[in-house]
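First up is the structure itself, then whatever we jot down about it.
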Amino acid sequence: MIIIDIMVKDAGWNDEKMLYNITEKALTTAMHHVSLENVVSEISLLFTDDEHMAKINAQWRGKNKSTNVLSFPAFPIKAGNPPGPMLGDIIIARETVVLEAEKQGKTFQDHLTHMIVHGILHLLGYDHETDDEAHQMEKLEREILQKLSIKDPYIELSINDKI
């Protein structure tokens, strides 16, 4: 069981119950898919706005702009290994996710679910720094999202639009 802690720092995220339900479903599906469904841990999600996200992105990545999702693992972990007592933190910027969903012709909830799955995989040690890592992570995302009845998010994206 994983405890989910949700914080909202933007009035635009007006349905905290929906955020929790999407997070719980994405987390349960992702953990089961990577055979970590019996892990006992905790995850924290902050749903914020672009302005706040830009500050965090500048502080931690040196990029003075917003981004869709940032993940901060509580402990270093090798992909496939079980996490410690605290999985980590995921931060999601509402305006960026809304804009990307519109631009890519996706529903907001489907794109938000994708961002949550993407963040969870980062917390579990997966990355996309190399081509091999990116292919592995995208494959997992596709498989998890398919289990959630969400279309392949990469099928129509150009290389410049990818996360």
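Just so it is clear, glycine is given a Cβ too, placed from its N, Cα and C backbone atoms.
The annotation Zn(2+) binding site is assigned in Swiss-Prot to His118, His122, His128 on the grounds of sequence analysis.
Counting only same-chain residues at least 6 apart in sequence, those with a Cβ under 8 Å from the Cβ of His122 (Zn(2+) binding site) are Ser71, Pro73, Ile90. In the three-state DSSP reading, His128 (Zn(2+) binding site) counts as coil. Counting other CB atoms no more than 10 Å from each candidate's CB, the binding-site residues His118, His128 peak at His118.
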